[in-house]
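Trainee: Got a structure for you, written out below as C-alpha cells; questions coming shortly.
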Amino acid sequence: MPRIVAVSSSALNDAAQILRDGGLVAMPTETVYGLAANALDGVAVAKIFAAKGRPGFNPLIVHVPDVAAAEKLVVMNDAARLIAESFWPGPLTMILPRAEHCPVSDLCSAGLPTLAIRVPALKATQDLLRACAVPLAAPSANKSGSISPTTPKHVADSLGDTVDMILAAGACDVGLESTVLDLSGDVPVVLRPGAITAEQIGHVLGCDVGYDLGDHGGADVKSPGQLLRHYAPAIPLRMRAVDVAPGEALLAFGSTRFMGLRGGGAASALPEHALRNLSENGDLYEAASNLFRMMRELDNGQNSGIAVMDIPDTGVGLAINDRLRRAAAGSVK
Ligand code: TXA
Ligand code: MG
C-alpha cells in the first residue's frame, strides 16, 4: 500500500520534496485527486504516463498557484484574462498556446502547440504548489480509462505502490473533473463539461459558447482524451432507466417513488449493495460530488449492471450526463 498522509505542514513539505526529487504524489484538489509530478522534469512526467497506463498522445493539465505563474507558461489573450478573473482559482482548465520559452516538458502537451493550465482552489493544493515552487502536471489519479478518484482510498485502490505518497484531504467537493475550455482557436469552445458551464463562460465573454465533446468522431477531435474509453465501471451501465432489471443495481436521482423492479416490487426494497441515491432532493451539485464514489460502490461484484435514473441535462447535469454516457459506452461488452 502507498503511504497515505493527512495534510499537515510536515506532510506538505515531504510531498514537495518528493516532487522536487522527481517522484509522484497523489494530491487532493476541489475536483478529483490528481497524480502530480514536476512539470519541468520530463523524466518525472514520463512516470505519470507509466503509472496510469496513459497513451502518450493524451496531454496533461499543468497546475499553477496563480495567474502570474500561468503567464510564464502560456500566452494569455484578453478572453483568457477575463476567464481567469472570473473563475480562477477554481474547477476550470484553459487550453492556450504555449509561451515562446515555456519551460514545461513537451510530454505534458503530447506534441501539441498548446498547454492545458489550471489554478486550483483547494487550500491544500495551493499550499503544495507554493511549497514545491514548480508547476505540477497532474491528470486524475486513476488508471487510464477508469473512474476518476474522489477519495484517497480510490487512489490507493487504482494506483497502488506506483505513487510515492498520497496526500489526503478527505472527499473532493466538486467530484467531477474541471471544465476544459479551449481558448486557443478563433472561437471559445468547451471540450469537457464540468461544474462551470458553457453558459456561465459565455456570460463572462459576452458571446455564445458551445460544447465540442468529440462525439462526432473523425480526425478533428480537439482533445485527445475524448478519443478514449473513459470513466467506465466494469459492469454495463444504462441511462434514463424507468425500471430495474433482476440483478441490476439502481443509481437513483431524486425520489424513487415511481421506480419499480421488473417482475414486481419497489426500488426502495433493493438491498444496500444495489441502491445509491445521487441526491434525494434532486440537487445536481450534490449528485456531481457523489457520482464517481457511488458508481464505484455499485460496481462491487454483486451487481450485474447499473440502471441510472434520468438526470436533467441542464447546468452541471450536462457534465454528469457526459460522464454517464462515456461510462455507458465504455461498458458495453
Ligand atoms: O479536474 C481536473 O481537471 C483534474 C485535476 C487533477 O486537476 N485533472 C484531470 O486531468 O482531469 P486529466 O488528464 O484526467 O484530463 C485532462 C483532459 C484530457 O481529456 C486531455 O485530453 C485534455 O484535458 N487536454 C490536456 N491538454 C490538452 C491540450 N493541450 N489540448 C486539448 N486537450 C487537452
Ligand atoms: Mg482523467
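All positions are counted from 1 along the displayed chain.
Cβ atoms here come from the backbone N, Cα and C positions, even for glycine.
Curation does not apply to TrEMBL; its annotations are automatic.
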Trainee: Out of Thr31, Thr256, which one does TrEMBL list together with Ala138, Ser178 for L-threonine?
Mentor: Thr31
Trainee: To which of the binding-site residues Thr31, Ser148, Ser178 does the lowest count of other Cβ atoms within 10 Å belong?
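Mentor: Result for the binding-site residues Thr31, Ser148, Ser178: minimum number of other Cβ atoms within 10 Å at Ser148.
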Trainee: Tell me, by DSSP, whether Arg118 (ATP binding site) is helix, strand or coil?
Mentor: strand
Trainee: Sequence gap of 6 or more, C-beta under 8 Å: which same-chain residues meet both conditions with respect to Arg118 (ATP binding site)?
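Mentor: In sequence order, Ile61, Val62, His63, Val64, Trp88, Leu92, Thr93, Met94, Ser178 meet the Cβ cut-off.
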Trainee: So which of the binding-site residues is most packed in, judged by how many other Cβ atoms lie within 10 Å of its Cβ, out of Arg54, His63?
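Mentor: For the binding-site residues Arg54, His63, the Cβ with the most other Cβ atoms within 10 Å is His63.
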Trainee: May I ask which residues of the same chain, at least 6 positions away in sequence, place their Cβ under 8 angstroms from the Cβ of Ala138 (L-threonine binding site)?
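Mentor: Met27, Thr29, Gly34, Leu35, Ala36, Ala37, Ile48, Leu60, Ile61, Val62, His63 - these are the non-local Cβ neighbours of Ala138 (L-threonine binding site), listed in sequence order.
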Trainee: In three-state terms from DSSP, label Arg54 (ATP binding site) for me.
Mentor: coil
Trainee: Could you check what DSSP calls Ala138 (L-threonine binding site) once collapsed to helix, strand or coil?
Mentor: coil
